[in-house]
Amino acid sequence: MAANAAALEFRARRKNLLNLALKRDPILPRIKQGISFVHDGEPPEAHSAVDESPPADSHINTISQSHMPVDESANTTKISSNKDSTTTTSSTLKIKSTTISTKSPIPAKAATSFSIPPIIPLVGVTILLLVCGAAAIFLPTFLLSLQHDDYSCLPGCWNGGTCSPQNICTCLSGYSGDRCQTTICNQTCINGVCADPYQCTCQAGWNGTYCDQPICIPQCVNGNCTGPNYCTCDVTYTGYLCLTPVCSPSCVHGYCTSPGHCTCNTGWNGTSCDQPICSPSCVNGNCTYPNVCNCSTGWTGSTCSTPICSPTCMHSSNCTAPNTCVCSSGYNGSYCQTPICTSPCQNGGNCTAPSVCTCPTTFNGSVCEFR
């Protein structure tokens, strides 16, 4: 009966201490510590780095082993510190001892727990240290239902991925790959890269969800932007930004102001501005340049209105057409070179002027009729 009462008292005390320890927070920041495992005074079997271990007040030895029977009789255990020595009475485990040492001081009234990677034969050893003044209480591993998860997916999961117990990265939406290092886009980024989940980062000169839309600055006026700052013009336009209309045939002496329409320079006319203007018009010739006539044969003058008579019409006669003379009164001939005597000159006299006879020396009279 006494043994059963002692066991019940021990279990109740153990439960209270465990609850108290789990509710307390560390007082000082935790630093990295080293932990060595020693079995029955033999050389260390393993050494483990504890990432978040608490400071310790001195070298502390604890006895821990899983699932060993408890000696219900009261035993005396001595716990050492660098300040004083205290003797306390508690139930003690009949177990094979394992020594775990720490190197740094731990403040009084601090509580924490060690989570140690599994090492054969120690599997998931967890040490609970309760330091209250000069006294310390140590609970073996099997009293704590805590377990260390030894998986890290080295070199780690990227972009917010999580490591599963199978050392496999579980990626967030939008990422893939062994380490979640690859971003996912619904379609290929044609002229860019998939930098963020479902979002393309485009190269210079490209835009759009999939970087498939070229950018032209300024925009193409009469055409389409088919490449960065490159316009493919409509059939009736050309040039920079497709601003220049196309006239076919081209404007010879003018400029194209709209597709198929020429605005001619001064002195020119026609659909293609290839017809010169002569004002007044060329009468007997062709207008070959603005106000320049190219006259037909037998004509001259700025407008080709003056006929040419060769030889020239004589005696003030008029050339009315090429080589056509209209003779003055009293003259005749192709170029009006012959005077006309209404009464013929007699006795060898010559008509030297209209109605004037030049008689031989032996004759006289108006028509040389007298000797």
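Note that Cβ sites are derived from N, Cα and C of the backbone, with glycine treated the same way.
Automatic, uncurated: that is what TrEMBL annotation is.
It should be emphasised that the depicted structure is a prediction, and the values quoted were computed from it without experimental measurement.
Residues annotated as compositional bias 'Basic and acidic residues' in TrEMBL: 39-50.
Here TrEMBL flags 76-92 as compositional bias 'Low complexity'.
Taken from TrEMBL, the feature disulfide bond applies to CYS153-CYS163 (among others). The Cβ of CYS153 (disulfide bond) lies under 8 Å from the Cβ of CYS163, SER164, ASN167, ILE168, CYS169, ARG179, each of which sits 6+ residues away along the same chain.
Counting only same-chain residues at least 6 apart in sequence, those with a Cβ under 8 Å from the Cβ of CYS180 (disulfide bond) are CYS157, TRP158, ASN159, GLY160, GLY161, CYS169, CYS171, LEU172. Marked as disulfide bond by TrEMBL: CYS171-CYS180 (among others).
A coil conformation is recorded for CYS341 (disulfide bond) in the three-state DSSP classification, outside any helix or strand. If you look up TrEMBL, you'll see CYS341-CYS351 (among others) marked as disulfide bond.
Annotation source TrEMBL lists disulfide bond at CYS359-CYS368 (among others). There are 20 other CB atoms within 10 A of the CB of CYS359 (disulfide bond), with all protein chains counted.
The domain 'EGF-like' annotation in TrEMBL covers 149-181 (among others). Here the domain 'EGF-like' (149-181) returns a mean pLDDT of 82 for the predicted model.
Annotated domain 'EGF-like' per TrEMBL: 337-369 (among others), in sequence order.
Under the heading region 'Disordered', TrEMBL lists 39-92.
The transmembrane segment annotation in TrEMBL covers 119-143.
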For CYS351 (disulfide bond), nearby residues of its own chain (Cβ under 8 Å, 6 or more apart in sequence)
PRO339, ILE340, CYS341, PRO344, CYS345, CYS357, THR358
Please list the DSSP helix, strand and coil residue counts for the domain 'EGF-like' (149-181).
0 helix, 6 strand, 27 coil
Ranked by how many other Cβ atoms lie within 10 Å of their Cβ, the disulfide-bonded residues CYS163, CYS171 are led by CYS171
